[in-house]
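> TrEMBL feature annotations, pasted as is:
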type: SIGNAL; residues: A:1-22; note: signal peptide
type: BINDING; residues: A:GLU77, A:ARG131, A:THR175, A:THR257; note: pyrroloquinoline quinone binding site
type: DISULFID; residues: A:CYS125-A:CYS126; note: disulfide bond
type: ACT_SITE; residues: A:ASP319; note: active site, proton acceptor
Number of protein chains: 2
Amino acid sequence: MKRLLTMLAIMSIGGGAQVAFANDELQKLIDDPNQWAIQTGDYANLRYSKLDQINKDNVGKLQVAWTFSTGVLRGHEGSPLVIGDLMYVHTPFPNTVYALDLSKDGQIVWKYEPKQDPNVIPVMCCDTVNRGVAYADNKIFLHQADTTVVALDAKTGKVIWSVKNGDATKGETNTATVMPVKDKILVGISGGEFGVRGHVTAYSMADGKVLWRGYSMGPDSDTLIDPEKTTHLGKPVGKDSGLTTWEGDQWKIGGGTTWGWYSYDPEENLVYYGTGNPSTWNPTQRPGDNRWSMTIFARDVDTGMAKWLYQMTPHDEWDYDGVNEMILTEQQIDGKDRKLLTHFDRNGFGYTMDRVTGELLVAEKYDPTVNWATEVVMDPKSDKYGRPQVVAQYSTEQNGEDTNTTGVCPAALGTKDQQPAAYSPKTELFYVPTNHVCMDYEPFRVSYTAGQPYVGATLSMYPPKDSHGGMGNFIAWDNKEGKIKWSLPEPFSVWSGALATAGDVVFYGTLEGYLKAVDAATGKELYRFKTPSGVIGNVMTYAREGKQYVAVLSGVGGWAGIGLAAGLTNPTEGLGAVGGYSALSNYTALGGTLTVFKLPE
Amino acid sequence: MKRLLTMLAIMSIGGGAQVAFANDELQKLIDDPNQWAIQTGDYANLRYSKLDQINKDNVGKLQVAWTFSTGVLRGHEGSPLVIGDLMYVHTPFPNTVYALDLSKDGQIVWKYEPKQDPNVIPVMCCDTVNRGVAYADNKIFLHQADTTVVALDAKTGKVIWSVKNGDATKGETNTATVMPVKDKILVGISGGEFGVRGHVTAYSMADGKVLWRGYSMGPDSDTLIDPEKTTHLGKPVGKDSGLTTWEGDQWKIGGGTTWGWYSYDPEENLVYYGTGNPSTWNPTQRPGDNRWSMTIFARDVDTGMAKWLYQMTPHDEWDYDGVNEMILTEQQIDGKDRKLLTHFDRNGFGYTMDRVTGELLVAEKYDPTVNWATEVVMDPKSDKYGRPQVVAQYSTEQNGEDTNTTGVCPAALGTKDQQPAAYSPKTELFYVPTNHVCMDYEPFRVSYTAGQPYVGATLSMYPPKDSHGGMGNFIAWDNKEGKIKWSLPEPFSVWSGALATAGDVVFYGTLEGYLKAVDAATGKELYRFKTPSGVIGNVMTYAREGKQYVAVLSGVGGWAGIGLAAGLTNPTEGLGAVGGYSALSNYTALGGTLTVFKLPE
Ligand SMILES: O=C(O)c1cc(C(=O)O)c2c(n1)C(=O)C(=O)c1cc(C(=O)O)[nH]c1-2
Ligand SMILES: O=C(O)c1cc(C(=O)O)c2c(n1)C(=O)C(=O)c1cc(C(=O)O)[nH]c1-2
């Protein structure tokens, strides 16, 4: 708290009264556990609430307080926000936003219904999801599927400004939330399966003016990389690293999209995010390390300049997008206070880093079935430092085009995908919704046409052999040891975001539709409730008039649920997910509903 | 019960072993309060359950047990059935049917998804609703929107047989449930707004063969009316009454569709149902009484022959379809046991009749604002016997074409529409979900084209002046006195079906989305819960392993909710309902969800 106050003080001197005010208000809301002011719970992406009225002793008595149907089918990711009396609920395409008055039994105060060209639907790789709105400066920020970024008056829903961040006719779309920081909002872009070159863009909160844009690849002027000062595992990256690690012009259609959850360290003034797969999925077509796809970026919020980078999966051969969230914690290692960044990568390794320097501290498998690499080289003196050691048998490049590489674990959707983990400072554990899925992967040559799929691989997905038979686990992870503390088997991938609370309870949702509450220390299941549809939303909590509520969007979909969401039945459709998750249709059907829980009176 | 056993005995002699078995099984299921084997609760349409675990003292503690999203938007009418371990849940168009295994936490055992031509959607007058499936003979019967009647294996969902009951290209559609009786199923037809001539058809349960069809109008051979034996208020109707009360060939496009809830008296072997509005809505275009539109029919189940008829609104000028359900009770009047039929007509009169003879006993307004008629003439000697006395000011015919008749109460959707009432033998009261709405009605000349709207009137709807400001009431009605016992004002029409139970509780849903429980004696509200969407489904109850459950489908729509359901905003669209119910969008959005309630453990 002292640290925070100092930070705010600095800001109000440095940034001018107006700016300080905007951020000040949002930070206050974020710090107030009665609100849920940002999708990620806080800037550190902890998804931890200090509320403890609902706790491990009484959570078993939880009951449904009220429910709200969003009027939209297909996958509902993200969560509502709660700011004072208003709850903001968003939907997948068409990205309707509702403001509900919690003081009036959830009456609809306003509804924003963008008119979007439905042609955006077929160029969204992994369902028409949207991971939610952001709040700052009395505005609600929505980044629509068609990449329109819109600022709405938080009280009335009136459009204040709106800009286009991309071009959906070229396969540029959006699914991510908006990150409000200081006087800016930061937004990403999707389209790695369409050869979109990823970027993060900062817009002015006030009027939507572009402040900076940093690409994932290209010349340093595009990537906002300083060849001398920007480091990779402690070493300067050198000139045009986003060009020289590619053959020819492939970087121009090189992917590395930016559709994950961002985090922010106000003290360091750094924003953290990861980049997605290099395009195409056929690795033979893009020799080189393909920097900076599959990379953690730490960028200065004001300038966009990259301070440090870490590429987890150089020259990806499996679609292990590096976009998963960075969780920022302060923990002791060997008796020393460290500012850490913990990241559960699609590639199956859980990374612990020093978030100030970008030093790699831990890289361990968070699912024992991960087999595509034996380890990440941890010796700083090795020329392989920080690189995963690829197992030849599972190398889709070494096996070559038109060869089916079988039994690769994890599958393309990784040991974890967009579903965000939570962290409890009380247990110092990370609660991670995971996938327990393997794949066959057959790359093939593909040519680029703007707006057309640029995938170049055929996939099948299935549960690991000799495992518990299910396709998911919900685990507790020790990021200092790099060890699984406990693991709960789940029949399907846990595609919902977790919530940890001071009540020593951890919540998550399942693809069949359960909201589950487990003991933060032991993982023991304490409560379950079958919501209307499969849960791929993130659990959130808030309090009103002294009463704590827990809420989650259900509405099956996302990549895992794409078969149901898009009505596909051919097993290799949906980039291989349709077959893998076909049994989901025995449990749930589409439909977006918010379910709000409370303890009995 | 003695009566019932006698009846079954007679049946098994008369109808052959096979037939008796089918009906026997269904009757047993209907008699078992743990099941909900027929949409209407029982053949008498009481919607009364003998279950009393949930009662007026503990209903306030009700909580949600589980929920299920149907994957379909738009209006969800009807209710699930529960037969043993399986619950059958249906949806509006495309009329998906799910069998959920209640012993396995609601897992989907099978799903039937008909492929229907979406061109049926625009020829459905009042949303794409469906009022649910029927069960008999190990089959689930579904009457699809496109009039395909299909028999599914109740265990597997496999199609056993399927027939077409109408032609959607001519505007013939279906929304009603199927009535299983003995070895037959009876089905109706919709399309009064498209000049469809209504009929009821009996198909063989075993193979879908047509057994008989009775039209609402036309020659006696079509209507299955015996000019000598079929009576209207005690008098033989005479030859071709369904022809002679029409001008020219208008009867061929004369409406009188049959989309309501049917009831059945096994002792009398009579099925009861009502017919809808004569076509067009412009009364000037169809001189005459327009028999047998707006009529209660009592037909012999085996032959289809009409035993008696009663036309409530001769020569309709307001679209007061006579399809609302007939509720069959045994009550004492003046110390004598009577077999009664009680019917809450769209026209605002609650009728009590002798269901054996068709004698009219009571006809009183069940909303004091009803103004289009002063009374129904009750003097058998009058030549106006049984006819409503029309008030000239509100006669759209007398005011003439292209004149806007204003302030007519009720509106076209009547003091009650499809939403079925319930009856408790314990209180001898009827619990009636009602509309409290008036209208302006301007008829205009229209010409008939098959498959095109044949309405010929422009409407506006609004709450009555000098009333409570809302658009609905939930009332308790004494059918012997013809008096309202108590009345609960509601902001919107109560478009959901009621349920009365031996626990002295009455349940109903509201268009904003509440499930409400009230004291059967006093109407005092005991419980409310906000379901995901507006409720137009019917509340049902069942028990498993000694525990009582109450369930209701939410999913706003129907005629009242057509603005939301079809995305209409012009006030006179949706036959006038869009304007009247526009405020609904401040409360709820679309989405089909089943919510199941129970008491805490
Ligand atoms: O490369 C891309 O641009 C991109 C975008 C998205 C997206 O925007 O949802 C996904 C992915 N990739 C992806 O690889 C992936 O696994 C994925 C899962 C989901 C989801 O919401 O369930 N989206 C995406
Ligand atoms: O004349 C007809 O054939 C016909 C059909 C239907 C129907 O099938 O739903 C309705 C009506 N009329 C009608 O008049 C009416 O008020 C109505 C309400 C509803 C409903 O489900 O909310 N359907 C219908």
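Each residue's number is its place along the chain shown, starting with 1.
Placed from the backbone N, Cα and C atoms, the Cβ positions cover glycine too.
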> Any idea what the Cα distance is from A:THR257 (pyrroloquinoline quinone binding site) over to the residue listed as 'active site, proton acceptor', rounded to a whole Å?
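Between the alpha carbons of A:THR257 (pyrroloquinoline quinone binding site) and the residue listed as 'active site, proton acceptor' there are 12 Å.
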> Fewest other C-beta atoms within 10 angstroms of its own C-beta: which of the binding-site residues A:THR175, A:THR257 fits that?
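Result for the binding-site residues A:THR175, A:THR257: minimum number of other Cβ atoms within 10 Å at A:THR175.
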> I'd like to confirm something. Which of the recorded positions, A:CYS125, A:CYS126, A:ASP319, has a Cα closest to the Cα of A:GLU77 (pyrroloquinoline quinone binding site)?
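Nearest candidate: A:CYS126.
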> Applying a 10 Å Cβ distance cut-off over all chains shown, what neighbour count does A:GLU77 (pyrroloquinoline quinone binding site) have?
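Step by step: centre on the Cβ of A:GLU77 (pyrroloquinoline quinone binding site), count other Cβ atoms within 10 Å, giving 29.
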> Select the closest residue to A:CYS125 (disulfide bond) from the following recorded positions, measuring between CA atoms: A:ARG131, A:THR175, A:ASP319.
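Answer for the nearest of the recorded positions: A:THR175.
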> Between A:CYS126 (disulfide bond) and A:ASP319 (active site, proton acceptor), how many Å separate their Cα atoms?
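With the alpha carbons as reference points, the distance is 13 Å.
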> Compute the C-alpha separation of A:THR175 (pyrroloquinoline quinone binding site) from A:ASP319 (active site, proton acceptor), stating it in Å without decimals.
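Each residue's Cα considered, A:THR175 (pyrroloquinoline quinone binding site) and A:ASP319 (active site, proton acceptor) end up 18 Å apart.
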> Would you mind checking how many other C-beta atoms are within 10 angstroms of the C-beta on A:ARG131 (pyrroloquinoline quinone binding site)?
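Its Cβ has 26 other Cβ atoms within 10 Å.
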> If one looks at the chain holding A:ASP319 (active site, proton acceptor), which residues at least 6 apart in sequence have a CB under 8 angstroms from its CB?
A:ASN277, A:TRP281, A:ARG346, A:ALA412, A:ALA457, A:LEU575
> I'd like the number of other C-beta atoms within 10 A of the C-beta of A:CYS126 (disulfide bond), please.
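Result for A:CYS126 (disulfide bond): 25 other Cβ atoms within 10 Å.
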> Using DSSP, would you call A:CYS125 (disulfide bond) helix, strand or coil?
strand
